[in-house]
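One structure below.
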Amino acid sequence: GNELLEAGEECDCGTPGNPCCDAATCKLRPGAQCAEGLCCDQCRFMKEGTVCRIARGDDMDDYCNGISAGCPRNPFHA
């Protein structure tokens, strides 16, 4: 419950109100793919191609990849 994902944890159990994470075990609840992240929505990975970070300046938007909760940087990141 320290807001860090540590070895053996699938999710951080620091937020008992998180519906995706079992606060007692720090494991994802049955059926959950993720508990947090820019590409996690209602315990599921957002579909590939969903914008997760809007471009700033000369950069380009970043998109979810459909297989993780993180928001990968585009290959042209400035």
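The backbone N, Cα and C atoms fix where each Cβ goes, glycine too.
So that you can see what the record holds, here are the features copied from Swiss-Prot:
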type	residues	note
DISULFID	Cys11-Cys26	disulfide bond
DISULFID	Cys13-Cys21	disulfide bond
DISULFID	Cys20-Cys43	disulfide bond
DISULFID	Cys34-Cys40	disulfide bond
DISULFID	Cys39-Cys64	disulfide bond
DISULFID	Cys52-Cys71	disulfide bond
DOMAIN	1-78	domain 'Disintegrin'
SITE	Arg53	site 'May bind to alpha-V integrin (ITGAV) subunit'
SITE	Arg56	site 'May bind to alpha-V integrin (ITGAV) subunit'
SITE	Arg73	site 'May bind to alpha-V integrin (ITGAV) subunit'
SITE	Phe76	site 'May bind to beta-3 integrin (ITGB3) subunit'
SITE	His77	site 'May bind to both beta-3 (ITGB3) and alpha-V (ITGAV) integrin subunits'
Proximal but sequence-remote residues of the same chain as Arg56 (site 'May bind to alpha-V integrin (ITGAV) subunit') (Cβ under 8 Å, at least 6 apart): none
Distance, Cys39 (disulfide bond) to Cys26 (disulfide bond) (CA atoms, angstrom): 20
C-beta crowding around Cys64 (disulfide bond), within 10 angstroms: 24
Those disulfide-bonded residues, out of Cys11, Cys20, Cys34, Cys40, Cys64, that come within 10 angstroms of Arg53 (site 'May bind to alpha-V integrin (ITGAV) subunit') at the Cα: Cys64
From Cys11, Cys34, Cys43, Arg73: recorded positions whose CA lies within 10 A of Cys21 (disulfide bond): Cys11, Cys34, Cys43
DSSP residue counts for the domain 'Disintegrin' (1-78), split into helix, strand and coil: 0 helix, 13 strand, 65 coil
Nearest-integer angstrom distance between the alpha carbons (Cα) of Cys40 (disulfide bond) and Cys64 (disulfide bond): 9
